[in-house]
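A.B. asks: Got these off TrEMBL a minute ago, pasting:
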COMPBIAS  23-33  compositional bias 'Basic and acidic residues'
DOMAIN    50-427  domain 'Amino acid transporter transmembrane'
REGION    22-45  region 'Disordered'
TRANSMEM  56-76  transmembrane segment
TRANSMEM  82-102  transmembrane segment
TRANSMEM  114-133  transmembrane segment
TRANSMEM  166-183  transmembrane segment
TRANSMEM  190-212  transmembrane segment
TRANSMEM  232-250  transmembrane segment
TRANSMEM  262-286  transmembrane segment
TRANSMEM  306-327  transmembrane segment
TRANSMEM  348-365  transmembrane segment
TRANSMEM  371-391  transmembrane segment
TRANSMEM  411-428  transmembrane segment
């Protein structure tokens, strides 16, 4: 691998998978703009300090606590009351292991264009989903405001009061999203990440206290569900582990990156435990009546309507963190090709264009949740399960790898490929079936 620097400080890295270890050592200072320099650190701008251990842990947990956790109870139903939690545990362990692999390989060879491509697709896809989620939930709260009561023990059908179109709600969030993405410092984003963690934690506590009441006899539930529904579990579960895209930026923004492996293991342990708890308790409580989102099963009173409002606040803050990753890849590449005086205007212009693009896609594409589910099945499976093991083999094979390690990497990649095929088929099938479905009726809808 050869590294050359231009007069303006931009770094060009030529990748050679079979480069000797000596050449890889030259990259230990992480000169790559994606791994070291943030978009905020363009030429002429002051370099920011690294983030602390606590800040990295907050970002990592927040990166996983998106909309996927609300659908894990249905995922457990599709796997079985025993097979579901066990599968979530195994998937959490594999995802954490693959994140460790990705970090180790990135430290040896700074740029992987295929990884960058899947990161951009995955993270911008999440941003589009978030906009739809924000608009639909706010619309539901507003339209049900006249029917919402203080009585949380009744489950009457809610009569909605029609308001403006969901697309207008999406556009109403655009100014706030623009302001959020103009934050180019990961340390400042920690504040928003903390707020998102708090809001989602409170909403999950509210959900948990409801689903733990009057749990029926679990013996009525199947230990292992039909093999025909298990692929549905896989697609939902792999979508839930969303933090693969923020692992590399977090590791390279830490003041002391040597602590990151421990932080990664701790953070994924917390996330996996929450996933198993919420998914299992929700299925135990509602059984076969569990909806696509566990919030669908909550009564229509102000206490549980607050779950939507809290998630609106949490996802709004999460948008900035998910947006940070594609910005980290695209912007340094662009500003390295202009003079210093144009660096900041170009930086801000690209951010504005990217956030408007995600909002435009959310407005233009009907049933965006299914479209993004397709993108997520392709890119998330590839990024989380297929690519990391292949990177480990290509990076360390020349230095000697045990047959057991090679077999392990091959097994994980095959598992990811099967998930990719099944998830893609499922998403395409749902898209074809939803041709006559109402516009914007998606998995985030949970009014009864």
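Each residue, glycine too, has its Cβ placed from N, Cα and C.
Could you place the listed features in the three-dimensional structure?
C.D. replies: Distant neighbours of the transmembrane segment (56-76): 84-85, 88, 126, 129-130, 133, 186, 189-190, 193-194, 196-197, 200, 204, 232-233, 236-237, 239-243, 245-247, 250-251, 253-254, 260, 263-264, 266-268, 270-271, 274-275, 278-283, 286, 290-295, 311, 314-315, 317-318, 321-322, 443-444; these residues of the same chain sit at least 6 beyond its ends, with a Cβ under 8 Å from one of its Cβ atoms.
Sequence-distant contacts of the transmembrane segment (166-183), counting only residues of its own chain at least 6 positions beyond either end whose CB sits under 8 Å from a CB of the stretch, comprise 131-132, 134-136, 138-139, 189, 192, 316-317, 319-320, 323, 327, 348, 351-352, 354-356, 359, 362-363, 439-440.
Below 8 angstroms of C-beta separation, residues 51, 55, 58-59, 61-62, 65, 69, 180, 183, 274, 277-278, 281-282, 284-286, 294-295, 297-298, 303-304, 306-307, 310-311, 313-318, 320-321 of the same chain, each at least six residues beyond the ends of the transmembrane segment (190-212), sit close to that stretch.
Within the chain, the transmembrane segment (306-327) has long-range Cβ neighbours (under 8 A, six or more residues past its boundaries) at 39, 59, 62-63, 65-67, 70, 119-120, 123-124, 126-127, 130-131, 133-134, 137-138, 140-141, 173, 176-177, 180-181, 183-184, 186, 189, 192-193, 195-197, 199-200, 202-203, 206-207, 242, 245-246, 249, 295, 298, 350-351, 354-355, 358, 446.
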A.B. asks: Are the transmembrane segment (348-365) and the transmembrane segment (232-250) close enough that 3 or more Cβ pairs fall under 8 Å, when only pairs 6 or more apart in sequence count?
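C.D. replies: With fewer than 3 qualifying Cβ pairs, these stretches do not touch.
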A.B. asks: Could you check whether the transmembrane segment (82-102) and the transmembrane segment (262-286) come into contact, where contact means at least 3 Cβ pairs under 8 Å with the two residues of each pair 6 or more apart in sequence?
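C.D. replies: Output yes: the transmembrane segment (82-102) sits against the transmembrane segment (262-286).
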A.B. asks: Do any residues, 6 or more residues outside the transmembrane segment (262-286), come within under 8 Å Cβ-to-Cβ of it, and if so which ones?
C.D. replies: 53, 56-57, 60-61, 64-65, 69, 72-77, 81, 84-85, 88-89, 92-93, 95-96, 99-100, 103, 204, 207-208, 210-216, 218, 221, 237, 240-241, 243, 247, 251, 254, 294, 297
